[in-house]
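S.K.: Next up is a structure, given as structure tokens.
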Amino acid sequence: MVCALGIEGSANKIGIGIIRDGKVLANVRRTYITPPGEGFLPKETAKHHREAILGLVESSLKEAQLKSSDLDVICYTKGPGMAPPLLVGAIVARTLSLLWNIPLLGVNHCIGHIEMGRLITGAQNPTVLYVSGGNTQVIAYSNKRYRIFGETIDIAVGNCLDRFARIIKLSNDPSPGYNIEQLAKSSNRYIKLPYVVKGMDVSFSGILSYIEDLAEPGKRQNKRKKPQEEEVNNYSQADLCYSLQETIFAMLVEITERAMAHCGSNEVLIVGGVGCNERLQEMMRIMCEERGGKLFATDERYCIDNGLMIAHAGAEMFRSGTRMPFEESYVTQRFRTDEVLVSWRDD
């Protein structure tokens, strides 16, 4: 039996999770929330994490009813992510490892999402759509690696949603994407936006620029038809949110279906913070059912960044014999999903 404590702090959430042989014992989390119209800067985010992390470690052990001596391994997010917040998690993980004399493992953030999704949903060998504020990838397992079949060629889908939420001054509480989703539910008026799919890759930066012009006509100089001439003042924020979701989610469904066909898969697993979006799940479910497949998705406890996913992935690594020398316990802002040898899967 492997009992693991995981620390996740790659972006604006700091989370601690404890798991033992696939059983969830604790999953606590705090979110750094900024005022409407503002994003989160690495330095301020790291400060938030520093102030919260030790209390969360204590809370997780109390919730799990465990002592430090009950743990077999300390796991932390090695990357990808923002360096200052990542360092907070890594430094605390190193300290606990030395203090408690427990092995230490660095975990890939994306691998954590995938393995947590597989554990919670029971998906066996799905095509994975990983959608978050920092990543957009279509992934499938093959020969001891999670292979990336398609991805964004510029910004992530969550970044596109977050930046548009800032443009129209939506609240960041509980998250910009959630508030876009709720606002979109009050409209069914579709405004045609750019649709950019290249094989199994997607692009969101042009869509964001285009819809920014619609939301703030005349703010930027551009060569295309002036927004005022398109009577953009007739568009409500709800119309824009609805249209943005419908467009970018259709793109994600298309590339996921293409990857399913390529891999011969009949399962789709959505992971990452954007995976909580009910409209994305609905569109993906329709596609899966039309193909005779099945959709797997989790709720906000597991799809949003959390320490539990790092604990679970780290426990799987530890169980399969993976060990990490202490001097390799660094962090990296760039850590590709397919760099990791998936030693714990035999299929």
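Backbone N, Cα and C atoms are what each Cβ position is placed from, and that goes for glycine too.
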S.K.: From D154, D162, grab the residue that Swiss-Prot records in the same substrate site as Y130, V131, S132, G133, G134, G177, E181, N277.
M.R.: D162
S.K.: Given that Swiss-Prot annotates H109, H113, Y130 as divalent metal cation-binding, name the residue from D21, D239, D299, D305 that shares the site.
M.R.: D305
S.K.: Please work out the number of neighbouring Cβ atoms within 10 Å of the Cβ of D305 (divalent metal cation binding site), leaving out its own Cβ.
M.R.: 27
S.K.: Would you kindly give the Cα-Cα distance separating N277 (substrate binding site) and Y130 (divalent metal cation binding site), rounded to the nearest Å?
M.R.: 13
S.K.: Counting other Cβ atoms within 10 Å, pick out the least crowded of the binding-site residues G134, G177.
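M.R.: Taking G134, G177 as the binding-site residues, the minimal 10 Å Cβ count falls on G134.
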S.K.: Would you count the other C-beta atoms found within 10 angstroms of the C-beta of Y130 (divalent metal cation binding site) for me?
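M.R.: So the Cβ neighbour count for Y130 (divalent metal cation binding site) comes to 26.
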S.K.: Other than H109, H113, Y130, D305, which residues of the chain come within 8 Å of the divalent metal cation site, judged by Cβ distance to the Cβ centroid of those residues?
M.R.: C110, G112, I114, S132, N135, V271, G272, G273, M309
